[in-house]
Ligand code: NAD
């Protein structure tokens, strides 16, 4: 039997999670929830999802003659798991309602960690999320950092992480956000919140992060410097990263790809839906080992899609569909056609 899932909030993350969830053989998407009868509500309907609305906004949908199947409460009474993909800070206002319906809830990284029983990233702590009532999938930057850190920690032990996060200014649809022409300290202090967010999943890791926002909408870029617990060679690190799920090594020398614009162009050429790149991209030529234990590299994160596989795995965890991280990763990544290893 398939687990029944609803998605509250059909924006950047919600629409992607809904699409990915219905591609899984063990998950059924019962419906999605919208607050406004806008273009995203129209696309949900055209994409074949049953549309539900929050009670207060039903009139707006009726006025615009956008048909819907029921209210959020109706949807909650039909599902086993709700994925909350409402804007950051809104999810917590629904927590009690989800609890009232006795359903499991997945929250996103824009919520404070205490919204859920556990903060989550598949490669780090899938088993700890098994059977929980609520799970928070950490943000895009934190997911990117954690995929790297947990892979390296497993192979070599990670003693210390220092990272500079170059954040995209906005998502492509967010025309009111910036910066348009500045590099902004975001925040103007060290550490940025990402370090504490990483520790919500792996509390033992010594990490300091700092972040700036730049005028791009495509992807984030991280400079990461790590101190490992054992000596490694560059070849060993590359082999470990190449064997790690949903991690893609891109060599600029071999592919001619030197930045996020070309990565996105490749995703378009490959026919990726919405040009999504849910894989963590490691810039292979930047991987550098100094004195055996010091490792540095650049990596890129497609903010709109990197958390999608983790949301699917989180559904399997709370619904007790898969206890093993390897098993859920295999199912998710196969269904979504995710790559791993060297691009070329
Ligand atoms: P979004 O603004 O694109 O989508 C939010 C959706 O929720 C919209 O459809 C909006 O209409 C709807 N909504 C607004 N108020 C609502 C309410 N009261 N009840 C129900 N629905 C409501 O936001 P997003 O970028 O998809 O972000 C969602 C969550 O995912 C946030 O916690 C965010 O921090 C996190 N996240 C975002 C990104 C990203 O880059 N966009 C990456 C990772 C995680």
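Each Cβ is built from the backbone N, Cα and C atoms, and glycine gets one as well.
As annotated by TrEMBL, domain 'Glyceraldehyde 3-phosphate dehydrogenase NAD(P) binding' applies to 3-140. Here TrEMBL flags 12, 13, 110, 168, 303 as NAD(+) binding site. Taken from TrEMBL, the feature D-glyceraldehyde 3-phosphate binding site applies to 139, 140, 141, 194, 195. Annotation source TrEMBL lists active site, nucleophile at 140.
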| field | 12, 110, 168, 303 filtered to the binding-site residues whose C-alpha is within 10 Å of residue 139 (D-glyceraldehyde 3-phosphate binding site) | value | 110, 303
| query | Once 12, 13, 110, 168, 303 are set aside, which residues in the chain still have Cβ within 8 Å of the Cβ centroid of the NAD(+) site? | reply | 139, 140, 171, 304, 307
| What binding-site residues in 12, 13, 140, 168, 194, 303 place CB under 6 Å from ligand 1? | 12, 13, 140, 303
| When DSSP states are grouped into helix, strand and coil, how many residues of the domain 'Glyceraldehyde 3-phosphate dehydrogenase NAD(P) binding' (3-140) land in each? | 55 helix, 34 strand, 49 coil
| In DSSP terms, helix, strand or coil for residue 168 (NAD(+) binding site)? | strand
| query | Are there any residues in the same chain, six or more apart in sequence, whose C-beta is under 8 angstroms from the C-beta of residue 110 (NAD(+) binding site), and if so which? | reply | 87, 88, 89, 91, 139
| note | Keeping only the binding-site residues of 13, 168, 303 whose C-alpha lies within 10 A of that of residue 194 (D-glyceraldehyde 3-phosphate binding site) yields none
| field | Top Cα neighbour of residue 141 (D-glyceraldehyde 3-phosphate binding site) in the set of binding-site residues 12, 13, 168, 303 | value | 303
| query | What whole-number distance in angstrom separates the two most remote CA atoms of the NAD(+)-binding residues 12, 13, 110, 168, 303? | reply | 16
| query | What is the separation, in Å, between the Cα atoms of residue 13 (NAD(+) binding site) and residue 195 (D-glyceraldehyde 3-phosphate binding site)? | reply | 22
| Arithmetic mean of per-residue pLDDT over the domain 'Glyceraldehyde 3-phosphate dehydrogenase NAD(P) binding' (3-140) | 98
| request: State which of the following binding-site residues has the fewest other Cβ atoms within 10 Å around its Cβ: 13, 140. | output: 140
| message | Need the DSSP three-state call for residue 194 (D-glyceraldehyde 3-phosphate binding site) to compare against my parser. | response | helix
| remark: If you rank the binding-site residues 12, 303 by how many other Cβ atoms lie within 10 Å of their Cβ, the lowest count goes to 12
| query | About how far apart, in whole Å, are the alpha carbons (Cα) of residue 195 (D-glyceraldehyde 3-phosphate binding site) and residue 12 (NAD(+) binding site)? | reply | 24
